[in-house]
Structures are given as structure tokens and as C-alpha cells.
Amino acid sequence: MVLPLRFGLVQPNLDYLEDFVMNVSHPESPNYGKHWSATKIAQTFRPAKESIETVHLWLVESGIDRASVRLSQGGGWLKANMTVEQAERLLQTEYHVYQSDEEGGGQHIACYEKYHLPEHIAKHVDIVTPTLHFDTKPRTSVPQRVDMDKRDRPVNARSLGQPELGVSIPKTAATVETIHKGIEKCDEQIVPDCLRALYNFAYTPVATEKNSIAIIEYNSQAYLPNDLDLFFANFSPSQVGQRPVLDSIDGGYLQTKEQDESVNGESDLDLQYAIPSHCMRLVTRTNVLASFNNLLDALDGSYCTFEGGDDPEYDAMYPDPSGNGYEGPEDCGTVTPAYVMSTSYYFDEAQFTPAYEQRQCAEYAKLGLMGTTVLYVSGDNGVSGGNFQCLDSERQSSNNGTIFNPSFPSTCPYVTSVGATQINPGASVYEPESACEQVIYSGGGFSNVFAMPSYQKTAVEHYLSNYPPPYSSAIYNTSGTSRAYPDISANGANYLVAIDGNFTLTYGTSCSSPVLAAFFSAINDARLGVGKGPIGFINPTIYSSAFVEAFNDITNGSNPGCNTSGFSAEPGWDPVTGVGTPNFPKLLDLWLALP
């Protein structure tokens, strides 16, 4: 059996990553808005020549055929095809093919025990794949073993990258027979006018051709053109016939053959609320046939391996070795990042190793350095993870777990995590919202992997000191030094969405993220119109004291899960709704005042 072993080389200057990002993103920095070019990013973080040569020499001296050792185009990875026996000898470990004990789970190749690198090599390598990448750490009980000889080719991505537990498909209720326009029934049906009233959103674009916003969709998720027109005809007549620009990654395409709520619901929702709220013509629908890493490959050529992604256990390989998927070469640094990117999908943080997540998180930081605002949903299950699973004593997602299960990439300090709120039953748009407790619960909590970034330290310490959660360290990370999320929220309940020819009520942080993306894109438009740059990574700004009055503080509700009431929404930042919901005109004025 041939094993395609990949060595992710250590990137220099990552120790200064937070300083680099804060330097261009903090509103008090003299270099605010002076974003980096892609060339500068590549030069700053490209692995050293010494690392490349040292690892290459070690592989050859260890008996690996020199011709099989290749350096990726971006210089970040070395690949060597070898037999399983060679890999086991090289890494001093033992490989097996495991059958997942999760219902419907597939087979994964990995080493059950830790692998080892010589000391002089370890300092040049920060990740090796495939190794311990089917779980964050091995369980004390070995998963079901499958004979190695039953596998006759390298393992492909186990799900072509689409999250198995964390995909944030919006929750829907019954089909709606009577629709309400205007703002009188916003507690029953959210329509664009409700959002404009809630957040004082009113904006006429001035720099559309300079601006960009991307709504990211994965795999077979697709909108139906007739659904867009049905929605626009009722709520934004001038946009009937308008379609997003398709930005295809690794063969992504607009498919209309499969028509079902589970296929069309997410894209229909995202675009029906991003386009009218955006008021602009150039909304891009970026379709990725695989994973977050495959998206990042397309945005940053230096991140690419060879066939795609970081890890064949999670990320798609191209051309597809199974022969059933995309046969073209992977997109590697071929897509220019939009100024704002919204993604309504997520994983449980416990699904991956810290090394995998940290490497991916650094890519989001690079996007921030280049001036891109990256939004991810915080999740729809409160303090629980996907499928309402919590962590067990071995820190693995389980139906019987009792430990809070944070989501990823929300726990990465360089993305903006979006939570959800609701208009309370019987209330108007002019009354305070609460944390979402209808059908879904706003995801939030504390990372078990990432440290707390400096920009949120004051806000989170205020919450922990004044409203200490009533749980021990056996329930969640109580260290007070870990990344906390979400960062911001918007309404996520009772959205009226046209899906498969009918209007349906929809719920989720999937509703909140595209709306905020449109708001931030409008602010970018205003800044571009006066000769300034995009707002880029927004977290240092929205947590700053200068922006406190630009948010509607949410002080009611909670995010239950894991047989607890979760965390509570309190004055100031909280791990349910973040800093609150936006007051658009105040945000616009404050960001226009920045350089």
C-alpha cells in the first residue's frame, strides 16, 4: 500500500502574527488599514530554505526515493510517497485503517500511537499527515480495526470536506401560507424591512465596482433562480432577475437537478438576505466542492499541498483518486479574496487536532492582514456541538457527553464569530431583542485549543468577574485565558425564505451571518467611495471602547445545552451574543472616521 506522507513545514514569524494583525486592525494603531499584499504575506511566512533542505535530506537519508520527494508550489509542504512499512519506520509508529464508531462513519487511516520525529527535524515540521487526524487524541479503547490489505489505494477525504457533525443547515418550520410585509409582524416573520428597522440600516451604494462580498457554499448546496425571484418579487422588486456571480473552486457549480430543502435551503437563505440588504449588484457566490482548507488553498497558493487541502482525512484530493469527483487540478492561489466572506458551516473543535486547527487559523489571520473580514457562524446548539453532542471524559463528541463542546472555526481568534438573537413573541422591532431561544440556541463558549486574544481580554474578564458561570472546570474551560466566542450577533429567528417554490420560516446563525456580511460590505463601500480601504479584520475594532455605543447590548436569554442552562446574556460582552447587535449608522460613522 502506498502512503502519501506530507510534511507541513514550520512557517517563520507566526510568533508575531497577532502583532502583525493588530498593527493594521486596531483602531488606535497608526497603521490601521495599511493591509498587506499577497506577495508580502507569502514572503513573510514562507518556510526557510534551511527547513526545506533539512527535511528533504532526512527523507532521502532514511531510504525514501529522492524522485518521490516533492516540494509544493508554495514551498510550504514536502510530500513523499512511501510504503506503509517505510512510514512506520520513519515515524516510529504503526499505521492502521480504522472504522469510525460513529453512525455512518467511514474508514480512516491513522497511527494510533503518537508519531515521533528526530529533534533536529521536529523544529522544522509542525504537522505530518496522515497521522493522528481522525480524532483530537486517541481514545483509550481502540476503534474497530480493518485489515490493511483491504485498502488498495491512498485514502481520500472522508467526506470531501463537508462537516459531518457541524454543518449549519438552517432549521425550518412549516410552510407559510400568509406572508407579512412591513414591520408590524416581525416577531412572527423576519423580512428585509424588519432587519432595516432593527438595526437602522439604510444605505445607498457609491463604489459598487470596487467592492466585493462572497457568500461561501459547499458541495451540492445551491440556490434555485425561481426562489430568488419569488422572494425579490415580494420584498425587493427591482432585483428580480438578479443573480450572484459564481466563483467556482475545484469544480464548484450551480446545480439545479437536486431540489430539496436540505440542498437549497442554505443558499436560498444566504442570497435572499445578502442581496437586498447589500443593495449592490456584485454579490459573489463562491462554491467549493470540498472543505474549508480547500477554500483556503484557492485563496493562498502558499497553503496548498499537492492534490488539495491539508489532510487527506478531511480535505479533498485532486484529481479525485476515487475517480468519482473533480478530475481537474486543484485551485491553488487562483482566487482573489473578497473584502467580506460569510460562511454558514462549522465543525466541532474536538473533531480535529490542535495542529490542524492552528495551521488553518493562521490562514484566517493572513486574510485579515490582507483586508478581508471573515465571518463564521457560532453554531445553533448553544454550548453543545453538532447534533447536540457534548464532550465525554476523553474530550470527544458524544451523545452521552456532559462537557461543553465549542465550535470551530469560531474559536480561531482571527475570524469573527456570529451568534443569533430574536424578537420576543409579541414584541416590536423597537423593543430590545433577546438571545435566540426559538428552535435554535446561539452557539457560544470558550475554546479548548486557542488562547484568548488581547483584543477581547478586557471584555471577557468583565463578564467572568461580574457574571461568573456556575460551572466547574469539569464542564468547560474555566481558565479565563482561552478564546471566547461569539464576537457579535444578529437576528436568527423566523426568517421568511423562499425554498423550492414555497415560503418557509427559517432559523439559525445561518440567518445572522449573511446579513452582517452585507452590513459590513456596505461600510466597505462607503470607505472605498472616499478613497479609504476595507475594514478588514474587525474584532479589535468592535471590542474597542470607541465602538461600545455602536452596538445594541443583549441582556436577556441564554444558550443551554449539555443538560445545563448554558451561559447567560448579560450587560457587555457575553458568550451568547458577543458584543451585541449592530447599530448601522453609528458603525458607519465610526468606521468612516478611521484612516
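Cβ coordinates are placed from backbone N, Cα and C, and glycine is handled just like the others.
Quick caveat, the model's predicted, so the values are computed rather than measured.
Some features that TrEMBL has for this protein:
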type     : residues               : note
ACT_SITE : E266                   : active site, charge relay system
ACT_SITE : D270                   : active site, charge relay system
ACT_SITE : S510                   : active site, charge relay system
BINDING  : D553, I554, G572, D574 : Ca(2+) binding site
DOMAIN   : 189-594                : domain 'Peptidase S53'
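Between D270 (active site, charge relay system) and G572 (Ca(2+) binding site), the C-alpha separation comes to 29 Å. The CA atom of D574 (Ca(2+) binding site) is located 20 Å away from the CA atom of S510 (active site, charge relay system).
Classification of E266 (active site, charge relay system) by DSSP places it within a helix.
The Cβ centroid of D553, I554, G572, D574 marks the Ca(2+) site; residues of that chain outside this set whose Cβ lies within 8 Å of it are T555, A569, E570, P571, W573, T577, G578, V579, G580, given in sequence order. Note on G572 (Ca(2+) binding site): other Cβ atoms within 10 Å of its Cβ, all shown chains, come to 16.
Fewest other C-beta atoms within 10 Å: among the recorded positions E266, D553, D574, that description fits D553. Among the recorded positions listed here, namely E266, D553, I554, G572, E266 has its C-alpha nearest to that of S510 (active site, charge relay system). Figure note: comparing Cβ neighbours within 10 Å for the recorded positions D270, I554, the maximum is reached by D270. Reduced to three states, the DSSP call for D574 (Ca(2+) binding site) is strand.
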